[in-house]
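Trainee: Just dropping this structure here.
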Amino acid sequence: MAVCARLCGVGPSRGCRRRQQRRGPAETAAADSEPDTDPEEERIEASAGVGGGLCAGPSPPPPRCSLLELPPELLVEIFASLPGTDLPSLAQVCTKFRRILHTDTIWRRRCREEYGVCENLRKLEITGVSCRDVYAKLLHRYRHILGLWQPDIGPYGGLLNVVVDGLFIIGWMYLPPHDPHVDDPMRFKPLFRIHLMERKAATVECMYGHKGPHHGHIQIVKKDEFSTKCNQTDHHRMSGGRQEEFRTWLREEWGRTLEDIFHEHMQELILMKFIYTSQYDNCLTYRRIYLPPSRPDDLIKPGLFKGTYGSHGLEIVMLSFHGRRARGTKITGDPNIPAGQQTVEIDLRHRIQLPDLENQRNFNELSRIVLEVRERVRQEQQEGGHEAGEGRGRQGPRESQPSPAQPRAEAPSKGPDGTPGEDGGEPGDAVAAAEQPAQCGQGQPFVLPVGVSSRNEDYPRTCRMCFYGTGLIAGHGFTSPERTPGVFILFDEDRFGFVWLELKSFSLYSRVQATFRNADAPSPQAFDEMLKNIQSLTS
């Protein structure tokens, strides 16, 4: 009755409302004179009461269950699900935990889940190396060098990807395909490897040269920086001397012999690069780089691209988006524009409408269109600078300046009739409007103007949209750098081009189709800081 009374919302003196409704008046009066609880309820409440009374007391606490009382098999499963960095603290709790943490099953799972090691680790038993040794002395110790890096090789730069490969940590140098085959896959060669073949410590081996692995050294200088050193550079030498080394390097780097290269200036550039890069003997300093963060409203997915750069061959460029602009930063470079510099910048506010196919062949017509847009951009910048100067005096101390990644809003451009032009809205609006014909399968025909040189004549003949941009040019040794106008042409999700107006040259870029682990920036601010750092090294 007491339970029923609580459910019905009445006190114990009133009785059960549902039971009263079922009974007549006489039965109800009799029921009101009876106790509110039946014998069974009295027994339950009496057993829970203190001193045998009807007043209910606190329930006794449930019996405690210690982790120490769990079977070892269950403890192994629990410990194996924890991050490996937490397990040393767990081993200090008691002797039983420390003994269980010697179970290789735990460390085998941590190697697989944290570092992707899918090898059959049981074969390590032959060498006497445990999975715990692999985790602690190899994977965890060198975890800070996993990811993408740029070597400090003067203006040339490079792209190093350090990965866990089976029971090894290997540093792969990624190389562009041979010029001018920009759509071919990337090439790569190992520069060093780290493995654990004995229980004492991990072994670092230099892989440079053609005589197999030999002794090397790795030093983690500071956060996001490490260096490699070869202790047996004689393994890099070839029996035929420098001439044989140069011929071998040329065949690997360019896929041809010096006799195949008829351009004298190109021969000089190739020889200069060989002399400069070979002097390092794989003793290099690397700085971490991140892949650019992406947003749903980006023009295309940002990332790494291979691009044609005339006599310098193919180079690696990172495309990233920064508000109303897109930037192409060199990961590899040359004596004119070194690695780390911003090779192209695209103004997503200023679309360029190409003329019909016949007029596209006329370089003067394309030049006229681009220069008109450049003049419009200059006027907007002057107006924006004047407005910024007037507003600077009124700016309060709490008002923040826009960051480099979020440029100040510029005045919308005007069309010939005084109405806002198609390049005056938000970048997302311009991109959406430009993508409409492309999504309907109505991509605009495209052809290079007569007189514009291209290393690759097999460029797409249909484009989605074009934007005004600038390209960085300079003399040898990065002297007298200046930004010159050009046209950014978006072909598809994986290819774009840039017409260098002043050079009368065309660069074609194709996406690097590779998956990189441990390469995402922890934040957009960290990515912007990384760009500043690699640019400052060659400025």
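Cβ from N, Cα, C; glycine included.
The Zn(2+) binding site feature in Swiss-Prot is assigned to Cys206, His214, Cys230, His236. Here Swiss-Prot flags 64-110 as domain 'F-box', drawing on sequence analysis. Swiss-Prot lists Ser33, Ser33, Ser278, Ser480 with the feature phosphoserine. Under the heading region 'Disordered', Swiss-Prot lists 11-53, 377-446. Swiss-Prot lists 64-69 with the feature motif 'D box', giving experimental evidence as the kind of evidence.
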Trainee: Which residues, in sequence order, are found in the same chain with Cβ within 8 Å of the centroid defined by the Cβ atoms of Cys206, His214, Cys230, His236 at the Zn(2+) site, excluding those residues themselves?
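Mentor: What remains near the Cβ centre is Met207, Tyr208, Gly209, His215, Gly216, Asn231, Gln232, Thr233, His235, Asp281, Asn282.
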Trainee: On the three-state reduction of DSSP, what should I expect for Ser278 (phosphoserine)?
Mentor: helix
Trainee: Which has the fewest other Cβ atoms within 10 Å: Ser278, Ser480, the modified residues listed?
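Mentor: Least crowded of the modified residues Ser278, Ser480, by Cβ count within 10 Å, is Ser480.
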Trainee: Measure from the CA atom of His236 (Zn(2+) binding site) to the CA atom of Ser278 (phosphoserine) and give the result in Å, rounded to a whole number.
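Mentor: About 10 Å separate the Cα atoms of these two residues.
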Trainee: Measure from the CA atom of Ser480 (phosphoserine) to the CA atom of His236 (Zn(2+) binding site) and give the result in Å, rounded to a whole number.
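Mentor: With the alpha carbons as reference points, the distance is 37 Å.
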Trainee: I need the CA-to-CA distance for Ser480 (phosphoserine) versus His214 (Zn(2+) binding site), whole Å please.
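Mentor: About 44 Å separate the Cα atoms of these two residues.
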Trainee: Taking helix as H, G and I and strand as E and B in DSSP, count the residues of the domain 'F-box' (64-110) in helix, strand and coil.
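Mentor: DSSP classes over the domain 'F-box' (64-110) add up to 33 helix, 0 strand, 14 coil.
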Trainee: Once near-sequence residues are set aside, which residues in the chain of His214 (Zn(2+) binding site), 6 or more away, have Cβ atoms under 8 Å from its Cβ?
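Mentor: For His214 (Zn(2+) binding site), the qualifying residues are Glu205, Cys206, Cys230, Asn231, Gln232, His235.
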Trainee: Relative to the Cβ position of His236 (Zn(2+) binding site), how many further Cβ atoms are located within 10 Å?
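Mentor: Other Cβ atoms found within 10 Å: 17.
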